[in-house]
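As structure tokens, the structure follows; a few thoughts come after it.
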Amino acid sequence: MAITDFLAASDISSAINACKAKDSFSPKIFFATVGLSKKSPKEIEKVFKMLDQDKSGYIEQDELQLFLQNFSKGARVLTAAETRTFLLAGDMDGDGKIGWEEFSALVSTS
């Protein structure tokens, strides 16, 4: 299963290009640009499972750092500041990781 099974390659390219500069990544803008915020809960869950590289049921800090690379192989790694901001935006219960419900809520508000 590839991310392009759910999202248009042109939208992915636009979203990646919009945050090429360091410290320019915003999860809400990215989700809107890539079209994820318009997808069904089932499709959003499939993308979440792809992002959860270790299949723990959570997206942890190390997985967030490599977030853009899940969408495009040549994409950059998120900076420490971007990763921290992303985690703070999504981690509603303060456990240091983003679960499915938290991810879904973050995407839905984008």
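Backbone N, Cα and C atoms are what each Cβ position is placed from, and that goes for glycine too.
Sequence annotations record features per position, and here TrEMBL assigns domain 'EF-hand' to 39-74, 78-110. Marked as Ca(2+) 1 binding site by TrEMBL: D52, D54, S56, Y58, E63. Per TrEMBL, the feature Ca(2+) 2 binding site maps to D91, D93, D95, K97, E102.
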> Near the Ca(2+) 2 site, what residues other than D91, D93, D95, K97, E102 in the same chain have a C-beta no further than 8 Å from the centroid of the listed C-beta atoms?
Replying inline: Y58, G90, M92, G94, G96, I98, G99
> Taking just the CA atoms, what is the gap between D91 (Ca(2+) 2 binding site) and Y58 (Ca(2+) 1 binding site) in Å?
Replying inline: 10
> Over the domain 'EF-hand' (78-110), what is the model's average pLDDT?
Replying inline: 96
> Excluding D52, D54, S56, Y58, E63 themselves, which residues in that chain have a Cβ inside 8 Å of the centre of the Cβ atoms defining the Ca(2+) 1 site?
Replying inline: L51, Q53, K55, G57, I59, E60, K97
> If we check Cα distances from E63 (Ca(2+) 1 binding site), which of the binding-site residues D93, D95, K97, E102 wins as closest?
Replying inline: K97
> Around S56 (Ca(2+) 1 binding site), how many other CB atoms lie within 10 A of its CB?
Replying inline: 11
>> I'd like the per-state residue tally for the domain 'EF-hand' (78-110) from DSSP, helix first, then strand, then coil.
In response: 20 helix, 2 strand, 11 coil
> Just counting, how many other CB atoms are there within 10 A of the CB of D93 (Ca(2+) 2 binding site)?
Replying inline: 10
> How many Å separate the Cα atoms of D93 (Ca(2+) 2 binding site) and D54 (Ca(2+) 1 binding site)?
Replying inline: 21
> What does DSSP give as the helix, strand and coil breakdown of the domain 'EF-hand' (39-74)?
Replying inline: 20 helix, 2 strand, 14 coil
> Which one is closest to D52 (Ca(2+) 1 binding site) in space, judged by CA to CA distance, out of the binding-site residues D95, K97, E102?
Replying inline: K97
> Which of the binding-site residues D95, K97, E102 has its Cα nearest to the Cα of D54 (Ca(2+) 1 binding site)?
Replying inline: K97
> For Y58 (Ca(2+) 1 binding site), what residues in its own chain, 6 or more apart in sequence, show a Cβ-Cβ distance under 8 Å?
Replying inline: D52, K97, I98, G99
